[in-house]
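Visitor: The structure is given below, and queries will be raised subsequently.
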Amino acid sequence: MVERVYYKDPYLREIDAKIVDVRKEKDRVEVVLDRTIFYPEGGGQPGDRGVIKGNDFEIMVEDTIEKNGEIFHIGKLRGEIPKEGEKVKLYLDWEWRYGNMQMHTGQHILSAVLKKLYDLDTTGFNIFRDYAKIEVNGEVNWDMIERAELEVNKIIINDLPVVIEEYDKLPEEIALKLRKNVTKVKEKIRIVKIGDVDVTPCGGTHVKSTREVGIIKVLRFYKKSKNLWRIEFTCGYRAISKMNEILRDYWGSLDLMPNKNPPLIERINEVLRTVNSLENRIEELRREIWEWKGKALLKEGVKVGNYTVITHVENWNMKDAQAFAIDFVKKNSNTILLLANEKYVLFAKNEGVPVSMRELLKEVIDELGGKGGGTDNLARGRVEAKPEEIFDVALEKLRSHLQV
């Protein structure tokens with residue numbers, strides 16, 4: 001059974017150990033030791049990182065996991081393959097570990113305050129590179145978050161002790177104080193006490209006092225599902241780097257605005273109003289162009305019986321071409337519009353024309369090759385031919401259908 005030194009002293013950064021088992025795959029290894037300061041991933045806390053050094057090898061540990069009671073140190077091997085029984089030195093990535101300890105203790109404080117103020121239970125927790133998240137079983141808003149944040153950071157400033165105790169059997173007086181219930185306990189249970197603020201079971205590593213958490217800052221929150229809200233936050237030195245990132249983004253965004261004075265939300269709304277005004281003007285101009293273009297196309301139309309067929313090589317994108325075609329045939333009775341270029345074909349007709357555009361396109365594709373589909377009034381696709389060939393075949397089919 002591995003000796004879990006990280007529980008005895010979570011501040012220990014290096015120790016000696018002995019290799020129990022080695023599993024190698026290419027340039028990576030999984031190593032089991034007789035004792036370790038590396039915490040394995042679990043309970044929302046990531047596995048530890050660091051270095052394992054032997055006489056003629058070095059393992060850059062990228063992750064630590066637990067499987068069937070064994071702790072595996074996983075990483076890239078440099079040098080010879082480690083041997084069972086070999087003595088090694090473990091060096092913990094302290095910045096990574098300590099940041100996770102700050103985050104984990106911070107989470108306990110935040111969850112305790114949310115429970116106390118709003119009776120919200122924490123149902124999920126995960127630590128990431130520069131932030132952590134919890135999920136709670138109820139709705140939150142900014143007023144609630146700001147109140148909770150103030151309470152949380154008062155607790156941090158008060159420098160309350162963080163005490164971890166292990167029990168074979170949980171005393172009733174402790175069980176009554178738990179923030180979350182313990183159902184199945186197969187072995188010793190670890191209880192984390194934070195002053196008179198929180199008592200909860202936990203298998204993670206924690207700082208010794210609330211002051212070490214530094215600060216807790218909620219970054220954002222949002223609804224995850226019907227009764228589940230996610231809150232993202234950061235703690236300690238990671239909070240400083242995360243807030244610097246956010247502030248650089250904030251001031252950089254503000255610097256791009258015509259009016260560079262805060263608040264950013266007002267500047268964004270000003271830009272949105274300008275964009276909306278320009279979009280309305282663009283739409284007005286588009287309609288004017290369509291009107292002009294429609295009149296020009298009608299003059300170029302070919303009479304097929306009582307109907308006017310317009311063929312045109314159009315370079316607009318499909319979306320704009322389709323919008324124009326629908327508008328054009330709606331305004332002009334007894335018309336058929338055939339648009340084509342190297343990328344697409346688009347056939348549209350006024351509702352009064354007794355020919356299906358879907359069937360017309362299918363006939364053209366059957367003869368020239370391609371693919372497409374649509375409705376009786378509008379069809380589109382791609383035909384393996386030049387626009388002129390497409391128009392010739394389509395006109396021939398239309399004359400046949402309209403019995404001209």
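Yeah, the Cβs are placed from backbone N, Cα and C, and that goes for glycine too.
So Swiss-Prot lists the following for this protein:
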- H104, H108, C202, H206: Zn(2+) binding site (BINDING)
Visitor: May I have the list of same-chain residues other than H104, H108, C202, H206 whose Cβ is within 8 Å of the Cβ centroid of the recorded Zn(2+) site, in sequence order?
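Guide: Sorted by sequence, the hits are M101, T105, Q107, V162, V192, T200, G204, T205.
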Visitor: Looking only at Cβ atoms, how many others are within 10 Å of the one on H206 (Zn(2+) binding site)?
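Guide: For H206 (Zn(2+) binding site), the 10 Å Cβ neighbour count is 25.
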Visitor: For H108 (Zn(2+) binding site), which residues in the same chain are close in space, meaning a Cβ under 8 Å from its Cβ, but six or more apart along the sequence?
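Guide: H108 (Zn(2+) binding site) has long-range Cβ partners V192, I194, D198, T200, C202, H206.
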Visitor: Name, in the order they occur in the sequence, the residues of the same chain whose CB lies under 8 A from the CB of H104 (Zn(2+) binding site) and which sit 6 or more residues away.
Guide: G44, Q45, I127, C202, G204, T205, H206
Visitor: Near C202 (Zn(2+) binding site), how many other Cβ atoms are within 10 Å of its Cβ?
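Guide: Its Cβ has 21 other Cβ atoms within 10 Å.
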